[in-house]
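Input: a single structure, listed below in structure tokens.
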Amino acid sequence: MIWKRSAVLRFYSVCGLLLQGSQGQFPLTQNVTVVEGGTAILTCRVDQNDNTSLQWSNPAQQTLYFDDKKALRDNRIELVRASWHELSISVSDVSLSDEGQYTCSLFTMPVKTSKAYLTVLGVPEKPQISGFSSPVMEGDLMQLTCKTSGSKPAADIRWFKNDKEIKDVKYLKEEDANRKTFTVSSTLDFRVDRSDDGVAVICRVDHESLNATPQVAMQVLEIHYTPSVKIIPSTPFPQEGQPLILTCESKGKPLPEPVLWTKDGGELPDPDRMVVSGRELNILFLNKTDNGTYRCEATNTIGQSSAEYVLIVHDVPNTLLPTTIIPSLTTATVTTTVAITTSPTTSATTSSIRDPNALAGQNGPDHALIGGIVAVVVFVTLCSIFLLGRYLARHKGTYLTNEAKGAEDAPDADTAIINAEGSQVNAEEKKEYFI
């Protein structure tokens with residue numbers, strides 16, 4: 001009886017150990033994603049294994065490897081590692097047909113399995129842009145289509161103009177004939193203008209198989225447009241006697257032909273003085289007859305455009321002496337005049353002398369100097385009149401000749417009595433002069 005109880009206990013102990021061991025013997029796998037044409041690594045691990053065999057099989061339930069023994073003749077499939085705890089194999093040059101569920105089997109009682117799904121990404125082809133025919137005229141409607149095939153899952157298409165993304169452009173995806181990959185297309189519509197000339201329109205394909213390097217296609221636009229014309233003067237304030245250059249700045253595609261210059265609707269009136277060189281009109285020296293409207297015309301195969309410039313020739317401003325110099329001229333003139341009153345014979349020469357410092361750098365008539373000279377002449381005249389009057393006043397009186405001696409009312413025959421000064425205090429005092 002005791003022996004039977006002991007046997008039963010041993011049986012349950014063995015069953016418990018087997019159950020515990022079988023719970024630790026469970027294969028572990030992971031799903032794998034690989035780009036078409038790449039290499040996939042399939043790994044199966046067992047934490048606790050009592051020398052039980054491991055096996056990998058493909059979605060068609062074909063055995064690939066049984067422990068370290070290769071079962072399927074496929075040169076793309078190689079053994080990476082084989083042990084009681086791990087069985088790893090590699091599949092190179094993966095194709096879309098390799099995608100599916102792979103099984104790792106642990107041959108215990110019962111057999112335990114673990115699934116690993118192999119996902120193969122289809123790489124999109126390089127995109128192509130169609131719909132552009134050069135050249136395009138300004139104002140036309142442009143329609144560009146970008147298409148790419150072979151992506152799995154379907155790729156995304158984005159549009160850019162000079163690296164600036166164009167938002168909200170729709171795209172269409174279609175399943176390919178193999179029912180595994182997709183063809184994606186997108187159409188961009190916009191109306192072109194001259195600012196679009198030379199712009200690079202880019203179609204970019206984004207896909208998880210491309211990592212950080214997207215597929216791109218580029219189309220550089222060529223837009224033809226009529227010329228734009230602008231006249232630029234060499235000076236904003238043209239003056240009489242100065243040269244003037246008018247530059248006709250014209251832009252267009254195709255490049256405009258040589259520009260045409262006209263004045264007031266006709267030809268240039270003075271070709272010798274108005275020289276056209278390329279896009280420039282050079283007026284050698286300006287005068288009042290040059291006033292008018294100058295027109296520059298530029299023409300290309302698309303059309304014609306023009307610009308106008310109204311020329312007004314301004315007078316050269318008079319260069320006058322500063323007002324602070326005039327008092328110094330007057331002072332110098334007065335000083336010279338004092339010398340003239342003591343030497344009348346030198347008056348003509350002295351009055352014509354000009355102050356060289358005051359007149360330095362003057363080309364026109366000096367009105368200030370003329371006014372100073374007039375003032376000197378007037379001053380000299382007034383001084384002469386004053387001296388003459390004083391002289392006559394001093395010699396005022398009555399004079400008698402020898403013939404008047406016999407007169408009855410004559411005081412003395414040999415004496416002439418002259419009144420010295422009418423304004424003196426002693427009016428009776430007389431002086432005698434002999435003639």
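Glycine residues also receive a Cβ, built from the backbone N, Cα and C atoms like all the rest.
As the structure is a computational prediction, the values presented were derived from the model and not from experiment.
Of the candidates Asn211, Asn291, Swiss-Prot records N-linked glycosylation site for Asn291; the remaining residues carry no such annotation there, which does not rule it out for them. Which of Cys203, Cys248 pairs with Cys146 is settled by Swiss-Prot: its disulfide partner is Cys203. For Cys296, the disulfide partner recorded in Swiss-Prot among Cys248, Cys383 is Cys248.
Summarised by DSSP class, the composition of the domain 'Ig-like C2-type 2' (227-312) is 3 helix, 47 strand, 36 coil.
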